[in-house]
Amino acid sequence: MVSVDHVTSKILTYMPYVLVLIDMRYEGVRCGKDGSVDNHMEMGKKLLAAGQLADALSHFHAAVDGDPKNYMAYYRRATVFLAMGKSKSALPDLSRVIELKPDFTSARLQRGNLLLKQGKLDEAESDFKKVLKSNPSDKEEKEAKSQLAKSDEIQRLVAQSRSSFNEKDYMTAITQLDTIIETCVWDVGSREMRAECYIQMGEMGKAVSDLKAASKLKNDNTQAFYKLSTIYYNLGDHEMSLNEVRECLKLDPDHKQCYSHYKQVKKLNKQIQSAEELIQEQRYEDAVGKYEAVMRTEPNVHQFTLLAKERICHALAKDQQASRAISVCSEVLLSDPENVNVLKDRAEAYVQDEQYEEAIKDYETAGKHSENDHQIKEGLERAQRLLKQSQRRDYYKILGVKRTAKKKEIIKAYRKLAQQWHPDNFQDPQEKKKAEKKFIDIAQAKEVLTDPEMRNKFDQGEDPMDPESQQGHHHPFNGGFHGFQGFNPFGSGSFNFKFNFN
């Protein structure tokens, strides 16, 4: 147990150090009251010179708070804001500098430059003219005259661009606005007008670029967000359309155009998401129905019709409804002949429909537009194998069933044909020999198509009964009926072969 005397002794030992620290803290406070603004200004300058902008800004904030009438504190802070690319924050500080010291030409010249970039031409010209009247340095005079001349030229171009726009000469207006925006890079009005020109000319990508810039340059630009949303909607991009219209409603929840558009986009987006979930769940027919609902919800925007039909094509191909898939896919390709996904889906449907040459054409066309797509390469190789196979023996044709036939249909077809072509039904030696060959083909077809592994190989273009492709694999039918349990059940003699239809 620690004694009280020991604790007291320890406290007394550290007491001098505590008193020194308190004294130092007091001195710091007293010095801060006397010279903190100067200290912050000096530290801010050093950090600014070292490129440590955030730290410099903190010191200039403190200097402004410490002396709200210190014009140099505002000027230094504006300099940091400009270095950080925060011109909106720099402008009020420069205005405060001019208010406190009207003859500070550097601040007025910088403000004029910022106003010119914002497209506030009259205000910019006023600053440049005042600089020229305030006994500027040679460098300032030269810059003010140059900027004043540039502002005059921009004024002329603004008038011309408006005239061109009103006359619907959009190409000329764009050329004029390009020149304006090179100087007035933060001018919202010029960017919005150029965006409208691009919309009228059908250049939606360029319109989007200008409108995105306008939405950032102006804090409450609901109209820019609304236009962005409608452009994306007409391009068939429902997700981007929904994002932009939500930004509009964040600024103004009661915005009538945005709210009305939001309800439409949200409904469409929900239907599309639901359809895609159905495809993921392999509920293809339900997905088709959902995409048909999408076309009813928005019958007037061609891109949504194309999107819906593209996904219907995909769902039908996955559902092995070859004929319907080919029809819908072909509709899409009339409007969008280079659509790789649709070309792949139609090729797969052609394979299902045993139109191998058409499938090969689609895969080859798709490959031209997507060279590194392994799915295309594998599909093309498979279609080529199946074409070659179809020119030889086709087990589906032997049984007279489709490639999509279920096991039950295959066995039913097999039983019917086995009864028809059983060799015991034929007396003539030539006819019996022909029936034996036919019967072997029927039996092999049944065996391949009712065995999942063998059927999958055959569907990939391999023949499980072909000795060349199945080297070393022995099958009872490979040697004809002589290889079946060591004897020929259909040979001459009194043996009565009884076939078991299983």
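Residue positions begin at 1 at the first shown residue.
A Cβ is built for glycine as well, from the same backbone N, Cα and C atoms used for every other residue.
What TrEMBL annotates here:
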| type | residues | note |
| --- | --- | --- |
| REPEAT | 37-70 | repeat 'TPR' |
| REPEAT | 71-104 | repeat 'TPR' |
| REPEAT | 105-138 | repeat 'TPR' |
| REPEAT | 222-255 | repeat 'TPR' |
| REPEAT | 340-373 | repeat 'TPR' |
| DOMAIN | 394-462 | domain 'J' |
| REGION | 456-481 | region 'Disordered' |
Same-chain residues near the repeat 'TPR' (71-104), Cβ under 8 Å, at least 6 residues beyond its ends: 37, 40-41, 44-45, 48, 53, 56-57, 60-61, 63-64, 110-111, 114-115, 117, 134, 186
Residues from the same chain, set at least six apart from the ends of the repeat 'TPR' (222-255), whose C-beta lies under 8 A from its own: 192, 195, 199, 204, 207-208, 211-212, 214-215, 261-262, 265-266, 268-269, 272, 301, 303-304, 306-307
Mean per-residue pLDDT computed across the repeat 'TPR' (222-255): 95
